[in-house]
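The structure appears below as C-alpha cells.
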Amino acid sequence: MANYFNTLNLRQQLAQLGKCRFMGRDEFADGASYLQGKKVVIVGCGAQGLNQGLNMRDSGLDISYALRKEAIAEKRASWRKATENGFKVGTYEELIPQADLVVNLTPDKQHSDVVRTVQPLMKDGAALGYSHGFNIVEVGEQIRKDITVVMVAPKCPGTEVREEYKRGFGVPTLIAVHPENDPKGEGMAIAKAWAAATGGHRAGVLESSFVAEVKSDLMGEQTILCGMLQAGSLLCFDKLVEEGTDPAYAEKLIQFGWETITEALKQGGITLMMDRLSNPAKLRAYALSEQLKEIMAPLFQKHMDDIISGEFSSGMMADWTNDDKKLLTWREETGKTAFETAPQYEGKIGEQEYFDKGVLMIAMVKAGVELAFETMVDSGIIEESAYYESLHELPLIANTIARKRLYEMNVVISDTAEYGNYLFSYACVPLLKPFMAELQPGDLGKAIPEGAVDNAQLRDVNEAIRSHAIEQVGKKLRGYMTDMKRIAVAG
C-alpha cells in the first residue's frame, strides 16, 4: 500500500491540508438521531473505546463491543471493562455482520490487521469509523468502495471525553469524511451524529479532513505536546540540581509546574500565562522565548517536513516490524533518567511560586506553542486545527506528568505519539544544552527581583504577545469551552 497523501497531486494535498471549518451549533440540531435504531459496534475497549461507548450509549445509541476470540476466552482487560459496564460483547464474526457502523478504536499499529479482518465481515453499505486517520493517510489502507469511512477525533484523552460528558458538556472534536469512501453521501450525517453522541458538539466541532487531522496531530504531539515537555523536564531538572537545588524540590517544581503554568494557558492563552509574571519576569520570559524559537525553529520544521513527506511514518512502521526495538529502548532509557528517579518532595509549593521560579519553563511553553502553531500554518494547516493540536491539548498532557511524571505521559499517549516524542526530545536536549549553560540567576529556581521596567519595552512586549495569531484564534475557540472544568491538581 502507498501513503495516501503522497498519491495526491499538489492541489489535492493543499486542499486537504487546508480543510477546516468551525461548525455552527445549529448544524447539530438533530443530535445523534441519524444513528438511533442502528447498530454501532466498537472494536477495542481502551480509554477512547470505553469512554466513547459509554457516552454514545447514554445518548441513546445501540452499542456493543467486538473483541478477538482470545481476549474473550482469557477474559482480558478489554473484555472485563466492556462487560463490567454492561455492554454486549462478542467476537468479530458474531457482531460485525450486523453492524451499521463499525468504530475502530484500537492502537494505530493494530489498525491494518483489524481492518483487514473486519472488512470481509461488514455488510454492504456499512460505515467504518476512526478517531485518528493514520491508517488511512499514512498506511494507505484501501477500504471497500461500498463502505463509508468517517472520523470523529476528540481532542482530549478518553477519560476527559467521559468526564466532560457527565458534566453535561463535551470536548472539542474534529470530524471528517474520507473523500474516496462516501458512496451514498451520508458520511457527514454519520460523523455529526457520532460527534453529538459523544458530546463533542457542545464544545465546538471542526469539519476537517483525514489528512489535516493526521498531519497536525502528529506535529503537535511530537513537538510541543509531548516532546517539548519531555525535553524541558529533563533539561530543567538537571540544571536545577547542577546549581545546588534539592533534587526532590526540583522534581516537584517541574512535575507540577507544567500543569500549573498551562492551567493559565488553558483559561486565557499565552497572554494570561505571561500576565501571571511580574513585569521584569515577563520581559525576561519573552526574551528567553525568542531565543528558544530561533534555536528550535529548524528542528520543528524538520519534524513537520518529515511528517508531510511520510518519512516519519515509514521510520516508525519499520520499528513496528522490528518489534518496537527503538521505542522500547527509548522508553527504558527515559525511565532511568535523574528526573524520573528523583525522590518525592513532601513540602508544599504555592501556586504563584511555580510561576515566579519557572520563568524558563514559561518561556519554553510560549516558544513551543508558537513554533508548533506557526510551523503547521506555514505548511498549509488552518489556524483552528493548529490551535487545537498545540495550545489546547497542552494542559491535558501536562496533567499526566503531574500524576506520575514522564512515565504517566508516555503510558497515556499513543505509541505513535510516544515514538515521535522520543525522536524530538532526543534531538532537542543536546540542541538546547549550550543555551542552558548561558542562563542567568532568576531564570529557573529563583524569582527575578522586582526592579525598574522600561514602559515602552513592556508596552511592545505586551502587544507582541497579544497580537500573535494563536492568541486571536484562541480567544474565539475558547469562547466555546468556557464550561470546561479546571484540571490542575498541583500543590
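Cβ coordinates come from backbone N, Cα and C, glycine included.
So that you can see what the record holds, here are the features copied from Swiss-Prot:
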- H132: active site (ACT_SITE)
- C45, G46, A47, Q48, R68, R76, S78, D108, K109, Q110, G158: NADP(+) binding site (BINDING)
- D217, E221: Mg(2+) 1 binding site (BINDING)
- D217, E389, E393: Mg(2+) 2 binding site (BINDING)
- S414: substrate binding site (BINDING)
- 15-208: domain 'KARI N-terminal Rossmann' (DOMAIN)
- 209-344: domain 'KARI C-terminal knotted 1' (DOMAIN)
- 345-484: domain 'KARI C-terminal knotted 2' (DOMAIN)
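Mapped onto this structure are the features recorded in Swiss-Prot.
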residue: C45; record: NADP(+) binding site; DSSP class: coil
residue: S78; record: NADP(+) binding site; DSSP class: helix
residue: H132; record: active site; DSSP class: coil
residue: G158; record: NADP(+) binding site; DSSP class: helix
residue: D217; record: Mg(2+) 1 binding site; DSSP class: helix
residue: E389; record: Mg(2+) 2 binding site; DSSP class: helix
residue: S414; record: substrate binding site; DSSP class: coil
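Compute the center of the Cβ atoms of D217, E389, E393, which mark the site for Mg(2+) 2; besides them, the chain residues with Cβ within 8 Å of that center are K155, S216, M219, G220, E221, L225, Y388, S390, H392.
Sequence-distant contacts (6 or more apart, same chain, Cβ under 8 Å) of K109 (NADP(+) binding site) comprise W320, D415, T416. Cβ neighbour density within 10 Å is lowest for A47 among the binding-site residues C45, A47. Using E393 (Mg(2+) 2 binding site) as the reference Cα, a 10 A cut-off selects E221 from the recorded positions R68, S78, H132, E221.
Counting only residues at least six positions away in the same chain, the Cβ atoms of H132, A153, E389 sit under 8 Å from the Cβ of D217 (Mg(2+) 1 binding site). Cβ-based neighbour count (10 Å, all protein chains) for the residue listed as 'active site' stands at 24. Around the Cβ of R68 (NADP(+) binding site), a 10 Å sphere holds 18 further Cβ atoms from the protein chains shown.
Ranked by Cβ neighbours within 10 A across all protein chains shown, the binding-site residues E221, E389, E393 are led by E389. Across the domain 'KARI C-terminal knotted 2' (345-484), mean pLDDT in this model comes to 95. It is 16 Å from the Cα atom of G158 (NADP(+) binding site) to that of E221 (Mg(2+) 1 binding site). Here S78 (NADP(+) binding site) comes close to G44, C45, G46, G49, Y65, L67, A71: these same-chain residues lie at least six apart in sequence, with C-beta atoms under 8 angstroms from its C-beta. Per DSSP, the domain 'KARI C-terminal knotted 1' (209-344) is made up of 118 helix, 0 strand, 18 coil. Max Cα-Cα distance over the annotated NADP(+) binders (C45, G46, A47, Q48, R68, R76, S78, D108, K109, Q110, G158) is 22 Å.
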